[in-house]
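Trainee: In case it helps, TrEMBL gives these features for our protein:
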BINDING   Arg37, Asp94, Asp95, Ser96, Lys136, Gly153, Asp154, His231, Ser232  substrate binding site
BINDING   His107, His132, Asp133, His205, His231, Asp264  Fe cation binding site
REGION    1-34  region 'Disordered'
Amino acid sequence: MATVEVAKNMGQSSETNDESSKGFDAPDTNAFGHSFRSYDAESERQKGVEEFYKQQHINQTYDYVKKMREEYGKFNKGEMSIWECCELLNSVVDDSDPDLDEPQIQHLLQSAEAIRKDFPNEDWMHLTALIHDLGKILLLPQFGSLPQWAVVGDTFPVGCAFDKSNVHYKYFEQNPDFHNPKYNTKNGIYEEGCGLDKVMMSWGHDDYMYMVCLANGTTLPPPALFIIRYHSFYPLHREGAYKQFMNESDHEGLKWLHTFNKYDLYSKSKVKVDVEKVKPYYMSLINKYFPEKLKW
């Protein structure tokens, strides 16, 4: 689809976002019977989630992120199609997620199908939902078996002060960058209004999948790439932190991310999607927006 057509269609859709999204019936509790994104509920899973964030906050430094982007920016881990990557996720469970213990392929399809129902004409959003978590393959052996704290969880900028809206903020005090005067001011090494694409984000599946999309020449529109890169950036789209770095394009992307996030978060349920039934539709979208094989 040409850029002008995409912009026109997205403009039309944004006018109906509020009305359309009312069709999605969000559940009151997650798969464990707790409120969504409750990081304080007493349970063994919650304790594991907190330990995850402790390790993440201590280890995600500016230098670490720079090293990982350079390493995985070589795209020398293998070649495969988008659907092959989806199937790999059957063996992945996200330890940072307090709401979900299902294999990732089900979460992807639950999100995609919910969006497809309410936004039938925005096929790029359906595909974005399907692929937004594919970067979690970083947990698997052929992609380096990275620790969970280097793959999943809420994301945040590095190279500037850690905002207190970050979940389990206290553990940042053990991060070397917390005490580095180069990085611990509000703007750090960045300038206000520079654009989020100029800001280094903590390393994980979001940034990796964003890099994969760009490197393989996807024709998905800019809002899709914004969603892929920032869907775990809860300090921004839930708490409004770090907005000083945003430019006009980021504000447009954030509108779409707010819509997407409702489906990403609240579609998590025990209702299984029939994979073989919906596969032909998603294969058609993959063929529309991506090459047959991608370098990962």
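Including glycine, each Cβ sits where the backbone N, Cα and C put it.
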Trainee: His205, His231: which of these binding-site residues has the sparsest Cβ neighbourhood within 10 Å?
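Mentor: Each of the binding-site residues His205, His231 was scored; lowest Cβ tally within 10 Å is His231.
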Trainee: Which residues, same chain and not among His107, His132, Asp133, His205, His231, Asp264, have a CB within 8 angstroms of the centroid of the CB atoms at the recorded Fe cation site?
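Mentor: Output for this site, in sequence order: Leu108, Ser111, Ala129, Lys136, Asp206, Ser232.
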Trainee: If you count Cβ atoms within 10 Å of the Cβ of Asp264 (Fe cation binding site), leaving out that atom itself, what do you get?
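Mentor: Around the Cβ of Asp264 (Fe cation binding site), 23 other Cβ atoms lie within 10 Å.
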Trainee: Of the binding-site residues Lys136, Asp154, Ser232, which sits closest to His205 (Fe cation binding site) by Cα distance?
Mentor: Lys136
Trainee: I'm trying to understand the geometry here, so how far is the Cα atom of Ser232 (substrate binding site) from the Cα atom of Asp264 (Fe cation binding site), in Å to the nearest whole number?
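Mentor: Computed Cα spacing between Ser232 (substrate binding site) and Asp264 (Fe cation binding site) is 10 Å.
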Trainee: Please give me the CB contact count at 10 A for Lys136 (substrate binding site), counting all chains in the structure.
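Mentor: Around the Cβ of Lys136 (substrate binding site), 26 other Cβ atoms lie within 10 Å.
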Trainee: Just the number: how many Å between the Cα atoms of Asp154 (substrate binding site) and His231 (Fe cation binding site)?
Mentor: 9
Trainee: Count the other Cβ atoms sitting within 10 Å of the Cβ of Ser232 (substrate binding site), across every protein chain shown.
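Mentor: Cβ-Cβ neighbours of Ser232 (substrate binding site) within 10 Å number 25.
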Trainee: If you draw a 10 Å sphere on the Cβ of His132 (Fe cation binding site), how many other Cβ atoms land inside?
Mentor: 25
Trainee: Give me the CA-CA distance between His107 (Fe cation binding site) and Lys136 (substrate binding site), in Å, as a whole number.
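Mentor: Spelling it out, the Cα of His107 (Fe cation binding site) and the Cα of Lys136 (substrate binding site) are 13 Å apart.
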